[in-house]
Structure formats: structure tokens, C-alpha cells
């Protein structure tokens with residue numbers, strides 16, 4: 001073999017090796033992108049899932065006193081009550097209709113604890129009423145604490161009022177026409193509204209129903225949920241200008257949301273927390289003793305959310 005031919009073969013071989021390396025790198029790059037595509041598929045589950053708000057959980061110092069206030073003053077129904085002496089607590093579920101289709105509040109009384117710190121982060125619950133003036137007079141007649149007399153909201157026409165329950169939890173009363181869900185809001189304060197909106201959209205599959213900035217009073221609110229505000233319960237997030245942190249106290253605990261699959265839902269949350277913050281506090285699986293499958297997590301502001309398997313939740317209600 002002459003020298004020229006030999007050199008030509010070497011050069012050709014190097015070209016082939018270079019081409020093979022380029023093809024390999026391109027293939028490796030495609031493989032590296034595959035998880036991202038997989039992540040997109042995982043994230044799609046939250047939007048496809050059938051979800052609704054089930055209940056909000058918080059602690060009270062006198063269960064019977066709070067039940068009396070909610071039923072006699074606010075018009076709620078006592079849906080169920082149970083005592084767990086081996087774990088030294090009792091709880092009660094109240095709302096405006098059966099838990100199978102309505103949002104409820106779950107009140108927890110821990111033996112011997114008569115007072116809790118609500119903190120600065122929890123805002124209020126809201127109740128829609130066809131006549132806020134009449135509702136307030138009923139609350140006043142029964143000794144309730146009216147913290148804002150009924151009247152049009154500042155800068156608007158909607159009639160509202162605020163009352164405080166015996167433990168200090170605030171309820172906003174909103175005048176509306178007939179609604180399928182009177183227990184209509186849970187309001188929480190957050191330090192970064194856009195981040196919180198993105199989190200609840202991605203992790204919980206909620207829709208941003210509306211966002212309103214009120215510069216005169218230095219706050220912005222966002223309403224998120226699974227249907228229109230006048231049809232179902234929504235989450236109201238409030239950002240006060242310049243305030244990035246709030247105290248949580250030890251009174252308000254969490255909100256529970258239904259899901260068709262806690263395992264898929266937890267996978268979504270896991271991805272979103274890596275992007276936006278927050279963390280999973282309970283891996284998906286059944287609760288010992290009752291076998292209802294749940295997963296729980298904290299949002300970027302530290303608010304706790306529990307996702308509950310819907311089929312298991314309905315079975316649990318059948319046993320009540």
C-alpha cells in the first residue's frame with residue numbers, strides 16, 4: 001500500500017469516527033430530554049384529575065361551644081362527630097350539606113387544650129348568604145362578635161360583613177343569590193402571589209378564576225378553584241405589599257382535596273416542589289386502621305394540603 005492511500009484511509013477513518021461521535025451525542029441529548037417529556041406527562045395528570053375541596057381542618061378549645069355557634073348562628077349542620085379517647089381528641093364535621101357533595105369544616109378538640117394561636121397567616125372562611133343583614137342580626141342576638149358591620153365592600157357593591165367565632169376564627173359573610181355551596185372560601189396569606197398561583201395551578205390542578213390588585217389598600221388577591229366562585233368553594237390567596245412571611249400559629253391545620261389517584265398526584269407535587277418550593281410531608285399510601293389513601297404536602301408558604309383518594313373517602317363516609 002502506498003503512502004498516499006494509507007493516509008487517505010486514516011483520514012477517512014477519522015471522519016467516520018467523528019460522524020459516529022456526533023450521532024452518539026445527538027442520541028444522548030435526545031435521551032436526556034426524555035425525562036422532561038415524561039415530566040410534562042406527569043404534570044398533565046393534575047389538570048385531568050377530578051378534584052374538589054373536601055374540608056378544612058382546624059383546632060378549637062371547646063368543641064360543643066363551637067358546634068353551637070356554627071349551627072345556631074351561622075346556620076351550619078352537624079354532619080358527624082366522633083371521640084377518639086385512645087388518642088385523646090374529638091372532632092366534628094359541619095357544613096351546609098352532605099360531605100359527599102359539600103365542603104365542610106373539621107373541628108378538632110385535643111383533650112385539655114382550650115386555646116390556640118391562629119397566627120397572622122390565616123385569613124378567614126367565607127359564607128355566602130342571601131341576606132347578610134338578617135344573618136348578622138341573628139348572630140348579634142345570640143351574642144356573636146361582629147367585627148365589621150354589613151355594608152357594601154369598599155369600592156364595590158357586594159354587601160359583606162365579618163364575624164369572629166368563639167376561638168377567634170374570622171368568617172366573612174358575602175351576600176349572594178342562591179348557591180349550591182354556601183361555605184365558599186378559605187383565605188390564606190402568602191408572601192409571593194405569582195409563585196403561589198403557579199404552585200396551585202400545577203400541583204393541585206386549580207384554575208385561576210380571578211386576580212385583583214387593590215393599590216389603594218396595598219394588597220392583591222387571587223381566587224383559585226375547580227369551578228366558578230358562585231358554584232363551589234374556592235381558595236383565596238392574599239398578598240399584602242412588602243410582606244413575605246407570616247406566622248402560622250398552631251390553630252389552622254390544613255385543607256383536604258379529593259383525587260382519583262394519590263400516587264399520580266404525589267408524583268405531580270414532587271415535581272412542582274422541586275421547581276417552586278414546598279415539600280411532601282407524607283408519601284402516598286393508606287392510613288393505618290382506616291385504609292384511606294392520602295398524601296400530604298406543604299406549599300411554598302408552608303400551608304398544608306392533603307390529597308385524599310375519593311373512592312376511599314366515600315367508603316369512609318358510608319361507615320359513619
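Using the three backbone atoms N, Cα and C, a Cβ is placed for every residue, glycine included.
TrEMBL annotations:
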- 172: active site, proton donor/acceptor (ACT_SITE)
- 106, 124, 172: Zn(2+) binding site (BINDING)
- 52-176: domain 'VOC' (DOMAIN)
- 182-310: domain 'VOC' (DOMAIN)
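The secondary structure of residue 106 (Zn(2+) binding site), as reduced to three states from DSSP, is extended strand. Here the domain 'VOC' (52-176) has, by DSSP, the following mix of helix, strand and coil residues: 23 helix, 57 strand, 45 coil.
Under a cutoff of 8 A between CB atoms, and with a sequence separation of 6+ in the same chain, the neighbours of residue 172 (active site, proton donor/acceptor) are 124, 125, 126, 127, 160, 161, 162, 185, 187.
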